[in-house]
Structure formats: C-alpha cells, structure tokens
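Colleague: Have a look at this one.
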Amino acid sequence: MEGDAPQRVSERVSGPGPGGGGGGMIRELCRGFGRHRRYLGQLRQNLRETQKFFRDIKCSHSHSCPSSPAGGGAAELGPAGDVAEAPLPAGQLSCIAFPPKEEKYLQQIVDCLPCILILGQDCNVKCQLLNLLLGVQVLPTTRLGSEENCKLRRLRFTYGTQTRVSLALPGQYELVHTLVAHQGNWDTIPEEDLEVQEDSEDAAHVLAELEVTMHHALLQDVDIVVAPCQGLRPAVDVLGDLVNDFLPVITYALHKDELSERDEQELQEIRKYFSFPIFFFKVPKLGSEIIASSTRRTENERSPLHHQLMDLGYLSSSHCNCGVPGQDTKAQSMLVEQSEKLRHLSTFSHQVLQTHLVDAAKALNRVHCHCLDIFINQAFDMQRDLQITPKRLEYTRKKENELYESLMNIANRKQEEMKDMICETLNTMKGELLDDAANMEFKDVIVPENGEAVGTRELKCCIRQIQELIISRLNQAVANKLISSVDYLRESFVGTLERCLQSLEKSQDVSIHITSNYLKQILNAAYHVEVTFHSGSSVTRMLWEQIKQIIQRITWVNPPTITLEWKRKVAQEAIDSLSASKLAKSICSQFRTRLNSSHEAFAASLRQLEAGHSGRLENTEDLWLKVRKDHAPRLARLSLESRSLQDVLLHRKPKLGQELGRGQYGVVYLCDNWGGHFPCALKSVVPPDEKHWNDLALEFHYMRSLPKHERLVDLHGSVIDYNYGGGSSIAVLLIMERLHRDLYTGLKAGLTLETRLQIALDVVEGIRFLHSQGLVHRDIKLKNVLLDKQNRAKITDLGFCKPEAMMSGSIVGTPIHMAPELFTGKYDNSVDVYAFGILFWYICSGSVKLPEAFERCASKDHLWNNVRRGARPERLPVFDEECWQLMEACWDGDPSQRPLLGIVQPMLQGIMERLCKSNSERPNTGLDDST
C-alpha cells in the first residue's frame, strides 16, 4: 500500500514526573474520550429515533394538517426553550415538527467527533507536547528550524493497525508523493516530511497535511491535530477549518515565562471569533529535572503568564494561582505551569466534552418536553371536544325549540293586545297625525299657491305620501310593542344560544354556517317587524287596497285644490278606514309564518351540522387513542432517555446504598449524595415490557413537569443503567428526596390524634395540588404517604398518576383503596377522594388493622365484588361523628355525590380545631414518636 514504510518502535518519552505525560494521564484521557464516545452514541441514537418519530407523525396524520398558514407550523423553540408557535387546533398533530434550528444544531453535535488541537508559541514546543500526549517520541523537537524560518505543515494523528505516514488534502484525497519516511526505518518522523519544501510549486502539496496513523490507545477515540506554523496558516483559520467537522479540545503549548506580542495577538483573534476554552501548558525544557519544591512559587503568587491570560480574558479571579478553575463544571480555560500536572488535561477535556453533550441533551430534551406538553394539551382538548360537542348540539336544539315556542306563544297571546294597542295608538295619535298630515310638505309635487286645482297624477302622489306618513307611524308603534314583549328572551338565553352555535360552526366548513343565519331570521321575526311593512308584505298590500277605496270616495269630477282642510280630510278618511282587528290578525299571522319557516330551516341545518360533527368526532376519538396509546408514550421514553443522559453527564451514576424497601415494580435503596442533594432515596425500576417502559416514562415526565410542592416528594433526577444486574437488564434509577418513614410505619409506631389529623390535611393539600395540575394519582394509600422527621406528610409514587385526558380506563391501584367505578374503566379525579376516605379511616383508627369487611375477603376478586356491592369499612367506637360522616361522604358509591377536596379541607381544619385545640381531646392510647 502506498505510504506504508518500515519503521522502528519509537523511544518512549520519559514522563516529567508522577501523573505527567506517563501512562496514568494517557489512561485517564482514554477513559474520558471513551466515555464521551459512548454518551455521544446514546445521543445520536436518541436523535435518530426522535427524527423518525416526527417523520412518522407527519406521515400518519398529514391529512389532518391544514394547508393554510393559520393551521399551525413547526413547534419552534427559542434560545431558552420558550414556545414560539401558535396554538394548534384539536386533532392537528401533523403540524408538530422538529424545530429546524434545533435539529440542525443537534445533528452537527452528533456528527462532530472530538479532536485535540495543539497550538503553541513555536513548532518545537508543539511537537514536544504531542510527544508527551502520546508517550512516545514521534516528532523531532530540536532539529526544526527557528520559528521565522519554520515551514511545519499541519499534522494529523489518527488510529490505525499499522504506523503509516502519508500526505493528504484535508477531508479530500491522498496525494501520491514519496516521503523520506518511506525510504527506511526511523525513530521519529523525518523533518523533511514535516515541512513544506521552499521549492515546492504544487499548490496541493503546500496545502496538504501529513496524516500519521498509529496503533495507539488514545487515538482510538480522538484525533490529534498539530497546527502548522503561523507563517503558513494562522491559528484562527486552522480552528475555523476544524469546527465544522470536529469538536476541538484546544491546547496551547508554552515554553517562555511570558507571552510575546505575536502570541497575544493570536490569542485575541481566537477569542474574537470563537468561545472555546484553551488548556495552556508550559512544556518543561528538554533534559530538565523536576523543579525542587523549594524553588516553586508560593501559593499566593501568580505568574506573569497568569496575569497576561487574565488580561486577555482567558482566566478569571475564580482560578487558583496554579491556573486551574474552581468547582464549576462548565468548561473554562486552564493554565498549568507545573509539568507533573499535565494530568489536568483529562479534567479539562472532560469539561469541554461534557459541556457540549449536556447542552445538546438539554436542547433535545426541551424539544421532547415541549412536544409532550402539546400532546397532553391536545389530549385535553380532544377529550373536551368529545364530551362537550354532543352536549352543545343537544343544548342548541333544546334552546332553539324553547325560543320558537316562546315566540309562537307571544304571537298567539298578543293578537288581542295588539288590536287594542292599534286602536289606542290611533286614538292617541289621531290629532297629532292629522296635524302632521296638514302641515306636511309633499315631495316631487308642485302645489300652486294661488289655490288652483292640481292634476289627477299629482293628487294621487299627495294622497300616497299622506298614507305613508300614517303607515310609518303605525309601523313604529307596533314594532316597539312587539320588541318589548320579547326582550326577556334575548336577556335569558338568546346570547348563550348564539355563542354555542358559533362554537359548533367554528370547526366546520364555511358552507354550512347557515344555522346561525336561520336563528337570526327567527329573531328578526320579532325584532324587525318594521322591515316587513316596508318590503311589500301582505299587510302593506291590504292597506293599499283600503287606501284605494279612500281615493275613490274623495275624488271629485273636478280635481280639488291642495289645502290644509283637504290634507286633514284625506288623513281622517285613511285612519277611519283602518281595521285594528284585521291589522293585528295579519301581523301575528305573518309573524307565525316567518317563525315556522325559520324554525324548520334551523332544524334542517342543525341536522346537517350534527352529521358533520359526527364524522369529525369519530376521527378525533381515533386520534385521541393514538395520542394516549402511541405518540405520547413513545415521545416520553425518548424524553426520559435524553433527560437521563443529561443527569448522568452532570452528576454521574449514583451509588446504591443499603436496601430500604421493595415495591411491585422496583427496589428502593439509600443513596447518600447525588447532584448536590443529601440524603437521597434511589428507586430502581426494571420495566419488564414496552408498556411498563411507557408508563414509567410518562410518570417521569409528569413528575418533572410539576412545580415543586411541599406536599409532594421531590424528584431530583434519573439515570438509565444499561448494565444493571451485571448487564442482564436495563434499569431506570429515579433519585428522589429521602424521608423518615411512611404512614404505615408511623401508624404502627403510634401517632397522636393531632398529628394524624395534620397528616390528613397534608394529604388533601397534596391531592388538591395534583388535581389543580390536571393529574389524578389513582393510588393513594398508606405506603404512598411519606413522613418527615416532624411527621409532616408528602405524597410519593406517582406511578399510576396521569392527566385525566391521558387515562385509558385501565384498572390500577390498590384493591382496598379502589373506587367502584375504577372497575368500569370510566372514572375521573373523584377516585382520589374515595381513596382518601379509606385512608382517613386508617388515620382516625390510629392503626393499620384492616377493616372487617375487607379482612373477611379471601381474594382480590372477592374484595372487588364486595366493594362493587357497597362494602365499606365499619364505624369504630373511637370515631368522632363528624369524622365518620366525612369518611362516608368521601367513599360514596356515586362519584358525583363525593365532596370536592376544596370542601373537605376546611372540614378537616374545623375537626382539628374542635378536637385538638379546645383541649377536649381524650388522651391517645398510642405513642407519639414525632421527633
């Protein structure tokens, strides 16, 4: 193969002291980069599965995503993870997508492999640092020319089964070029191969890097790049070439006591364009021995290098005098001037790699959590849609029918009233109408002032205008009377009916938005009677017939003159000829006709609207099931993995202490210290199948999403142990707050009545908080109530805790505390009230002895059947009457009859005040061990 050459094993570089460039440091570096490779693989796998998840969402629900921009878009996240998308309508999940910025950033992180970049004050010191890192003399350190004349090309060291040297263009192809190293054995790479020859005219040869493959443990997980001399390519350009494909761990080799002006300029350029920390290491002079401790600087002294780097912004006041940063885990620049402390490079590289992985894991987990929240909110919206839409349709039908019947009753009832009202109006307004008619000025008619007669056409026009005046005044009076009769309807339910219709039509196509129009027509029949008169109605035509008779009676052979008396006479004849009873009958008849027509059209359009909703609700229910059964659990597991990766990177895997207890799905251990929390309890859960994995992941998401509350046990974090039980299984380690004991143990030891009632109040407060967050615990029992050293209670084990919209009706919980409706699969948060009632029985009894009704049951099935038939705990002689009534109310068989916890809490406070604060409490037989 081209480039292979015989070589001798290079001489091993003697370390500068214990922990220096020897095997210990190399092993630490290997472990650090190997750990990064494993965690990067986990991140890469999680990202791939997340991308597949979003692709599946898009493919399976693309039909439900609207094409309009208003339909929603990708769930965008801001720099801090804030939401930047518009809310999605219920059921439109295909619009949920991987935010492009986050996806691009994460893809770049997982594609970038680590690389150690060696910069330095000159090429000799860079080569010397490379030899120290590898522990072998690979590069010459004394034969290279001065920095001014140096032509050192870029060097890349990678892993290979054989040592091999070749020239290659970075990231492209290998050059066919004969090297000195190919011509014989060598201890170190020949200087001629390291430098760009001055007489070289081949541009590719000048740009090429020397690639060295070696069988070395460190190179298995990380490449090492030695930057070329500054004359060939500035360090900032070299770094710019690397950052697109590699994650650089930057080292800067020093051999002088101070930075030169050129060094400072180079470092300023790097800091200007990049934010990477740098590991500054002062390489010992060749052949020098370890400096005696007596000649070292005292701890309070800072070297000139330290001051210069502080001025450049690389070091801060938090760094100790040796240049090592404080306890902050975020990567910071580091200065090491003692050669035996080169081992700090492993700490520095760990911080650099960890910072990038943690940031990536956080970004990925933000995407997971944000989309999970969207799913849960969508589940709530879909569940509400499924519940409320049929009720809205029924309400609309009922209320419209009530409106129709009310208006019809008004039309029937008001006919006689309207007749009397018309007569009364005519009598009241007669004088005013005659005066108005006498004084009116005609439009479009020229009346001679000298008393001359007018033509027949002008006469008819004048008579028509007088008639219109009378009719308009009568119209207004009738309309006002009718409107006042139905004002109550608008105030009572018309507004609610309109809003209900609007909500039903909102999710439907515009073409069927006619139901509201028919409702408006029903209302127009009552509110806009005047429009009927002006639009050529039957009433108007009837009036015109009467007016024609008037015209015939008052028309003479010779046309009259238009005088005040004539106008009064015309108006009088018109008023006298009007029949109040016929007018009232005609008005009400027309009102009923319009009502019937609009009512029938409304009913037909409502049936059409109901049919459209029926198909939509069927699709919504299918989608709701997919969200609960597939989408949310699948994404929750990815979220659990990304969050666990973040936790293990920041805090490492916790150490298991002594076993504290065992449950149905896990073992609880003592954990002394983790993530700054002390002491902790660690619950190890080995999910036996996919369903349990999903349930655990959702539980974790709900717990992490909850704000901290003093009545809930804090969850500090999680770690996935892929080698649990010697590698036989995968376990999820949940690290949480450790408390003193559980309520079961507390009752066995003995607690005073006041303490027990306070515990009951604490439990109610905790359950109320869960319900306020939309969660149902579903497993309230003695073992899931923990007590601190002051005997204050906290609720734990949210394993069965779910939002109401995410509950599938599965039968879960502890049989004794399970409400009867749990067996039907249809239940709500009132099951927690039932469970509290049973818990309160134990609290009031002061013992853990089973109730007789439950103790007689031979099996779970027997117990469940008895509970369904109404079996409940018995009343004990020690029970207070009010306490017993509260228990009975809480475990009522009808969920709707159980009291709300907002009512239970003040009742408990009153009981506690009465029994404990009034000094009327009898001495408790149990022991009070609250300490």
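Placed from the backbone N, Cα and C atoms, the Cβ positions cover glycine too.
Taken from Swiss-Prot, the feature region 'Disordered' applies to 1-24. Annotated coiled coil per Swiss-Prot: 397-424, in sequence order. If you look up Swiss-Prot, you'll see 654-908 marked as domain 'Protein kinase'. Annotation source Swiss-Prot lists ATP binding site at Leu660, Gly661, Arg662, Gly663, Gln664, Tyr665, Gly666, Val667, Val668, Lys683, citing sequence analysis. Swiss-Prot lists Asp779 with the feature active site, proton acceptor, giving sequence analysis as the kind of evidence.
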Colleague: Determine the most Cβ-crowded residue among the recorded positions Leu660, Val668, Asp779, using a 10 Å radius around each Cβ and all protein chains in the structure.
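Modeller: Sorting the candidates by Cβ neighbours within 10 Å, the top entry is Asp779.
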Colleague: Pop the Cα-Cα gap between the residue listed as 'active site, proton acceptor' and Gly666 (ATP binding site) into the table, whole Å please.
Modeller: 16
Colleague: Expressed to the nearest Å, what is the distance separating Val668 (ATP binding site) and Asp779 (active site, proton acceptor) at their Cα atoms?
Modeller: 18
Colleague: In sequence order, which same-chain residues at least six apart have a C-beta under 8 angstroms from Arg662 (ATP binding site)?
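Modeller: Those within reach of Arg662 (ATP binding site), by Cβ under 8 Å and sequence separation of 6 or more, are Val668.
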Colleague: To the nearest whole angstrom, state the Cα distance for the pair Leu660 (ATP binding site) and Asp779 (active site, proton acceptor).
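Modeller: Their Cα atoms are separated by 20 Å.
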Colleague: Taking the Cβ of Gly666 (ATP binding site) as the centre, how many other Cβ atoms fall within a 10 Å radius?
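Modeller: Excluding its own Cβ, the number within 10 Å is 21.
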